[in-house]
Amino acid sequence: MMEFKDFSTGLYVAAKFSELTLDALEELQRSLRVPNPVPREKIHSTICYSRVNVPYVPSSGSFEVASSGHLEVWKTQDGSTLVLVLDSEYLRCRHMYARALGATHDFDDYTPHITLSYNVGPLSFSGDVQIPVVLDREYKEPLKLDWADDLK
């Protein structure tokens with residue numbers, strides 16, 4: 001049972017992907033000549049970034065969560081971030097599960113995606129991508145508000 005103090009730590013939940021998916025994503029980064037690519041071991045998809053902790057139970061099992069997506073560049077505080085936006089009902093449902101448990105979300109909408117680079121500078125990328133995105137596992141940990149420091 002969770003105690004009151006447990007709710008104040010925040011919660012981060014993410015999906016990690018199969019070796020085959022990681023191979024395909026690295027090949028995509030290389031073929032596009034993506035500057036500052038996210039390293040293989042850091043590639044993930046955020047499911048929940050909540051300022052309150054909730055009793056989220058990570059899913060187990062390995063299965064395809066998306067078969068396609070498209071590239072977008074998002075303007076962020078730190079520059080231009082290249083993401084592969086996924087058409088994933090599974091990731092949307094897992095996010096809604098966290099919200100149903102009381103998790104917070106800082107944005108109007110949840111957009112399932114995989115970040116390919118946190119800084120592509122002035123470059124632009126677009127287009128549809130066919131990649132089998134296979135879940136390896138979900139994991140959860142206390143929320144780190146200074147997560148960007150880990151990228152340096």
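Including glycine, each Cβ sits where the backbone N, Cα and C put it.
Taken straight from Swiss-Prot:
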type     : residues        : note
ACT_SITE : H44             : active site
ACT_SITE : T46             : active site
ACT_SITE : H113            : active site
ACT_SITE : T115            : active site
BINDING  : Y12, E141, W147 : 3',3'-cUAMP binding site
BINDING  : Y12, E141, W147 : 3',3'-cGAMP binding site
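Features as recorded by Swiss-Prot, highlighted on the structure.
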residue : record                   : DSSP class
Y12     : 3',3'-cUAMP binding site : strand
H44     : active site              : coil
H113    : active site              : strand
E141    : 3',3'-cUAMP binding site : strand
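Sequence-distant contacts of E141 (3',3'-cUAMP binding site), defined as residues of its own chain at least six apart whose C-beta falls under 8 angstroms from its C-beta, comprise L11, Y12. When each of the active-site residues H44, H113 is scored by how many other Cβ atoms sit within 10 Å of its Cβ, H44 comes out lowest.
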